[in-house]
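Undergrad: Dropping a structure here in structure tokens format, bear with me for questions.
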Amino acid sequence: MDKFTVLSAVAAALPEANIDTDKIIPARFLKTTQRTGLGKHAFDSMRYRPDGSENPDFVLNQVPWRKAEILITHENLGCGSSREHAPWALLDFGIRCVIAPSFADIFFNNCFKNGILPVCLPRDVCDALMGDAAMGSNARLTVDLPRQVVIRPDGEEVPFEIDPFRKHMLLEGLDDIGQTLQHEGEIKTFESQVAQERPWMPAISID
Amino acid sequence: MAPRTLFDKIWDHHVVETLPDGTSILYIDRHLVHEVTSPQAFEGLRLAGRRLRHPEMTVAVVDHNVPTSDRSQPIEEPESRNQIETLERNVKEFGVPYFPLLSANQGIVHVVGPEQGISLPGMTIVCGDSHTSTHGAMGALAFGIGTSEVEHVMATQTILQRPAKNMRVTVEGTPGAGVSAKDIMLAIIGHVGTAGGTGHVMEFAGSAIRGLDMAGRMTLCNMSIEAGARAGLVAPDDTTFDYVKGRPFAPKGDDFDKAVAYWRTLSTDEGAHFDKEVTLRAEDIAPSLTWGTSPETVLAITDTVPDPALEQDEAKRAQMVRMLDYMGLDAGQKIAGTPVDVVFIGSCTNSRIEDLRAAAHIAAGRKVAEGVRAMIVPGSGLVKRQAEEEGLDKIFLDAGFEWREAGCSMCLGMNPDRLTPGQRCASTSNRNFEGRQGPGGRTHLLSPAMAAAAAVTGCLTDVRELA
Ligand code: SF4
């Protein structure tokens with residue numbers, strides 16, 4: 001996983017609440033067996049017209065936001081299905097940071113697992129950042145994870161909160177599995193305890 | 001010890017270790033795997049040279065992509081076929097127990113788990129699918145996870161989690177005629193909203209819940225995710241134990257008795273703290289359905305479509321206007337009498353034998369209305385077989401319904417079962433998002449009996465008029 005430290009990039013505004021994972025990546029594109037390649041279908045129903053051509057009114061089809069690496073939305077981003085294809089599609093499109101007043105639980109989690117930083121900021125701050133984003137490439141936003149600030153084009157710094165463990169994982173580009181396996185001893189102890197306390201739990205085998 | 005909720009107890013029994021920042025390593029008893037959210041996880045294991053820590057606590061099944069028509073033919077869509085074949089290669093390579101497509105045990109993962117006795121009370125159960133909440137009906141802590149977490153569970157049999165908050169939804173009283181678990185759940189979602197349970201595990205309690213059979217409890221827990229909850233829970237009781245007894249993978253004999261003794265300890269203690277409480281009366285709930293593209297847009301079948309002009313909040317008003325436009329409905333019109341094109345009875349919400357019986361009861365001796373396509377998709381091969389033994393297939397076929405093979409089907413339209421733009425569907429599934437059942441499709445969520453009523457009258461109908 002790529003490390004996330006300081007990102008200075010074009011930001012795109014999608015001023016909508018409840019953008020669900022079906023909208024981020026519709027079910028018909030979930031047939032892949034890989035993590036990559038979904039970027040071209042991100043926001044498919046908003047990005048393309050029924051005949052398959054690009055919808056010129058959609059922000060991610062416009063210059064300079066075609067190259068946006070930061071996405072700003074309204075409340076409850078990523079609600080609906082647990083599909084990790086949603087953050088994969090965003091990442092494959094080039095998005096490394098999503099900013100919103102609130103996120104759905106599973107999507108929020110899934111972002112971290114893919115090196116995408118979800119930043120939770122109050123609605124009025126998001127609206128102000130959307131104003132910056134509207135200025136396009138003249139107004140890059142900088143997301144500084146070590147210092148936990150978003151730096152606006154005029155230099156104003158907006159602080160944000162992040163769980164220290166998750167921050168560490170993002171900064172180092174670490175995956176959870178390696179971390180958890182360091183607790184092998186505790187897991188083994190737990191397993192032998194359960195084998196005594198709940199011995200009736202059957203093993204599954206299907207011939 | 002301070003009084004604890006059911007959630008607290010299951011949680012406490014599964015914490016391996018709590019890390020300094022408050023995250024816990026939570027032990028997982030059952031990991032259910034399907035073809036859509038697993039290939040990248042197996043690939044990750046392979047790249048890192050890892051194996052499954054406990055394949056015997058894992059079960060795989062194909063459901064999302066499978067055709068629900070003739071299974072003697074090869075699968076036509078090459079990408080669907082590839083995903084299914086990839087799962088078959090992976091389960092072989094990693095030694096994962098698997099129900100193949102042609103097995104009578106195949107079906108929707110959330111139907112198969114309880115039906116086989118794989119999902120048991122007191123367990124922690126995960127699956128790369130948000131409707132894993134269904135298994136909470138067993139009195140298990142069950143929730144959906146992303147693919148990276150699927151890989152994490154495969155490699156470590158644990159997951160990193162912070163404890164959820166506790167919420168209790170109490171429904172007291174006796175539901176009236178025509179009111180099923182689906183109607184109760186739609187009423188709850190309509191009441192608390194789609195974010196009402198965010199960050200919470202939702203325990204269902206009260207006499208109306210106790211009175212539900214296991215299928216009904218599964219319907220409730222299934223849609224707790226539509227109320228934003230992390231998971232749904234019903235405390236296990238004699239109804240649960242009777243259901244579990246004798247299932248293929250349930251404990252047997254002496255082990256079963258020991259298990260029941262433990263399961264009986266799994267209920268919320270008197271005086272335990274809930275962060276949020278909601279109470280409804282069953283008598284106030286009518287046969288219900290959704291009118292918009294969010295599961296919280298719930299109406300009684302006797303209601304009229306709401307008028308955005310009466311909504312104070314500007315953003316909500318705009319959303320309502322958009323939903324009415326998408327759904328092709330007018331403010332103030334009676335929802336009953338709206339013509340439908342398609343009826344879908346199936347999905348992990350409502351495809352169990354009890355659901356099919358309820359639909360057959362309405363369909364018996366009637367005919368599907370002219371121009372309506374009505375399909376029944378049983379939740380598993382076993383449900384299908386039982387329905388056939390009871391003669392339900394004959395009732396449906398005589399009435400003009402399609403009688404199909406088990407799978408997710410038109411719930412999400414990954415297989416060929418899809419709506420075309422503008423088609424209106426009365427559906428027993430759980431999500432009515434724009435395009436969920438096919439691009440441009442219009443979904444009304446409702447109970448199996450209400451869906452059958454729509455099929456035979458050709459329009460959204462109060463099932464009480466047909467009973
Ligand atoms: S039936 Fe629908 S909701 Fe249930 S698992 Fe399948 S796709 Fe998901």
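If you go along the chain as it appears here, the first residue is 1 and each next one adds 1.
Cβ atoms are placed via backbone N, Cα and C, with glycine included.
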Undergrad: Hey, TrEMBL has [4Fe-4S] cluster bound by B:CYS408, B:CYS411. Any idea which of B:CYS221, B:CYS348, B:CYS459 it lists too?
TA: B:CYS348
Undergrad: Which binding-site residues (B:CYS348, B:CYS408, B:CYS411) come close to chain A, taking a Cβ gap under 8 Å as close?
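TA: Listed in sequence order, the binding-site residues near chain A come to none.
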Undergrad: Which three-state DSSP class does B:CYS411 ([4Fe-4S] cluster binding site) fall into?
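TA: DSSP assigns B:CYS411 ([4Fe-4S] cluster binding site) to helix.
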Undergrad: I want the residues beyond B:CYS348, B:CYS408, B:CYS411 whose C-beta is within 8 angstroms of the mean position of the [4Fe-4S] cluster site's C-beta atoms, in chain order.
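TA: Residues close to the [4Fe-4S] cluster site, other than B:CYS348, B:CYS408, B:CYS411: B:ASP63, B:HIS64, B:ILE108, B:HIS110, B:HIS131, B:GLY346, B:SER347, B:THR349, B:SER351, B:GLY407, B:SER409, B:LEU412, B:SER429, B:ASN430.
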